[in-house]
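Shown next, in structure tokens, is the structure this report addresses.
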Amino acid sequence: MAIKNHILGFPRIGLNRELKFALEKYWSKKNTLEELLLIGKNIRKENWKNQIDSGMDYVTVGDFAWYDHVLNISMMINNIPERHNPNNHILNIDTLFKVARGSKGVDNNICSASEMTKWFNTNYHYIVPEFTSNQKFYFAWKQILEETDEALSLGYKVKPVLLGPLTYLWLGKVKNSKINKLDLLKKILPIYIQVFKELSSRNINWIQIDEPILVLDIPKNWKKEFQSTYKFLDGKIKILLATYFGDITHNLDIINKLSIQGLHIDLVSSKYDLLKLSKSINNNFLLSLGIINGRNIWKTNLLEWFYKLKDFMKINNNFWISSSCSLLHVPLDITIEENLTDFVKSWFSFGIQKCLEISLLSQVLQNNLDIKELKNWIKPIHEYKSSNIVNNTSVQKRTLKISSEQFIRKNEFSVRSKIQKETLCLPVLPTTTIGSFPQTSEIRKLRLDYKNKKINQLDYEKQIKIHIKKNIIQQEQLGLDVLVHGEPERNDMVEYFSEYLEGFVFTTYGWVQSYGSRCVKPPIIVGDISRITPMTVMWSKYAQSLTKKPVKAMLTGPVTILCWSFPREDISKEDICNQIAISLRDEVLDLENSGINIIQIDEPALREGLPLRTHEWNNYLRWAVKSFKICSSGVKNSTQIHTHMCYCEFNDIMPAIVDLDADVITIETSRSDMELLEFFKTFKYPNAIGPGVYDIHSPNIPSVQSIEKLLKKALKYISIQQLWVNPDCGLKTRNWTETSLALQNMLQATLNIRKEYFKK
């Protein structure tokens, strides 16, 4: 019997977000490159130690990234947009950051960052590779070798990991050219061979190559390339081909013909019959079984898996046990949590605990530990199910009573829009922001002091109102048409709302990486959800009292709250979403009754939640759209409902977006140079739309000319009566200098376009 333990990847930000703080200090020139590199090295060292101490046979190397692991491959093969490296200089870490964050080029011209979008259906974001004609690729960035040498020098058995060449090409975009991405394979594969040779010379036996596109419905020409690609790569080192996030049975005909030595399958995302599945897989492959959920934080029922694997061992006793996918998507360590009770903590496994689960199951299977260890491990699972925290009968009854009348607006958009124009009196090309304003150190300290009970509620509310007043004054001075209160009271767009909802619990240190230095702390849904008290009414009502201009209230939508939380697993996502939607409906109606005429319900995760297989889309979109409409449809015709979406491809779900029936939708488009709007050549969007005119994720200040250019491009596809003007996203991560200058330019560009329009 030979069972090995490993994981596909490990959280990379450090126990206390050391990577985040080191990056931000480096970008603001508050620490040196040497200091940054040392912190990265220490994080990797600690990660590998944690894996070995938790019983892994291999340490996974190559999962660390300064910004993003897809960008690591772009650096490795020298796929750097010319604007960021016009003279083809030797690459360094600053090149990487220029691609990710944008920079100033020759003559102080702004070089835009590469696009950023969601990694499959997760809340992690990757930097989209750009492909152009006549690119020259070579082995330019040797991070994978340097980190392998680091781990070897510490005496570890190393399993390197790289994103596979076909998935890398699939995720990229062709820019200003008509090349076929697959034609680039012949240029890229020799670099992978170079890496394999280097690793082989270091006596590395296995390399993990991630090809998650094998869970998708990939076209025939892509399927065809898999066989020739892996035949080309065969021979230098054993390949463990890793698939995750879904079912691969529809692509087994290709996979079984590949020249690989091992196959990782995600047994969590798709509920396979393991015995049946194994009989349909090439019996020459070593199987890596992904049985520990890498995307959620609940303990695994190891006893259930013990019996399944005992049966499996009757036909195959040579396999590996692993996480379903990289543990990048979960926090690092549950044991450091201070504000959860031991009873609640016992339900969860974070990154380190997931490694322990793999090891524990492996040891019992190999008779090194008694089965009672598994029974003890799963006791909290049974205690959770019977806990009074979980079930709320009044919530369940209200959810069952949802009727079709509750998710239909009183009149169609053409009727509503006329009434809203009379109510709001907005100009052509109305200007607004997405919601948040800079979260200064003063604001963060204020919230922390209140949380730690250093100031009382009365003083806290007084100080928050001072910040709201500053935000309103600033916006009026700038000349924005629709104002926001700026969200100084909000720590996070999901956590803030979940704190007002029964059914959630919260961690103190449960951070996960979203992109680069951006980390989020997802709340955990443990029970039925209901609103405890109004969540935003007081702040929006106060902001509206300060101005005659309309103030827009901001809520996070039900799908996004679901997708950006760790959900419970005992009921369906549809049921969870409906519970959230009912709570938000109550909030929307309270806002309307308080005199708020514009209410924005953000759904940036709508596309992210889409299943990876197209045949499952309709069912998901049915309940996702329904949940939005439950929130939004109880209002009067005069109340304008907005929604906001970012980081995603909208075109394939545009009918569903229309079905939301929001009066105004704002979307992120600036990084793609309004590319998303190409869809509107053939599709007439019926309601109003605000494509983002500048990238808030970059510190670069957009020029008036660049914004005018984007607005003119948008006007080719959208009528001026439908078009709104706004940044791509909220401004919480920017400072006030950047924010003011960018908004000034946005408003000037809008005035220029208005003048030009009225001259015609």
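Glycine too: its Cβ is placed from the backbone N, Cα and C atoms.
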Same Zn(2+) site as HIS644, CYS646, GLU668 according to Swiss-Prot: which of CYS577, CYS729?
CYS729
Figure out which of GLU476, GLU603, GLU608 sits with ARG17, GLU18, LEU19, LYS20, LYS118, ARG518, CYS519, TRP564 in the 5-methyltetrahydropteroyltri-L-glutamate site per Swiss-Prot.
GLU608
Among GLU487, GLU489, GLU495, indicate the single residue that Swiss-Prot lists for the L-homocysteine site containing ILE434, GLY435, SER436, ASP602.
GLU487
Among all protein chains shown, how many Cβ atoms are found within 10 Å of the Cβ of CYS646 (Zn(2+) binding site), not counting that one?
25
Using DSSP, would you call GLU668 (Zn(2+) binding site) helix, strand or coil?
coil
I'd like the Cβ neighbour count for GLY435 (L-homocysteine binding site), meaning other Cβ atoms within 10 Å of its Cβ, all protein chains included.
26
Can you give me the Cα-Cα distance between HIS644 (Zn(2+) binding site) and ARG17 (5-methyltetrahydropteroyltri-L-glutamate binding site) in Å, rounded to a whole number?
28
Closest of the binding-site residues to SER436 (L-homocysteine binding site), Cα to Cα, picking from LYS118, GLU608, CYS646?
CYS646
Cα distance (Å, whole number) from CYS646 (Zn(2+) binding site) to CYS519 (5-methyltetrahydropteroyltri-L-glutamate binding site):
17
Would you list, in sequence order, the residues of this chain other than ILE434, GLY435, SER436, GLU487, ASP602 that have their CB within 8 A of the centroid of the site's CB atoms, where the site is the one recorded for L-homocysteine?
THR433, VAL484, MET493, MET554, GLN600, HIS644, CYS729, GLY730, LYS732
In angstrom units, rounded to an integer, how far apart are the Cα atoms of GLU487 (L-homocysteine binding site) and CYS729 (Zn(2+) binding site)?
13
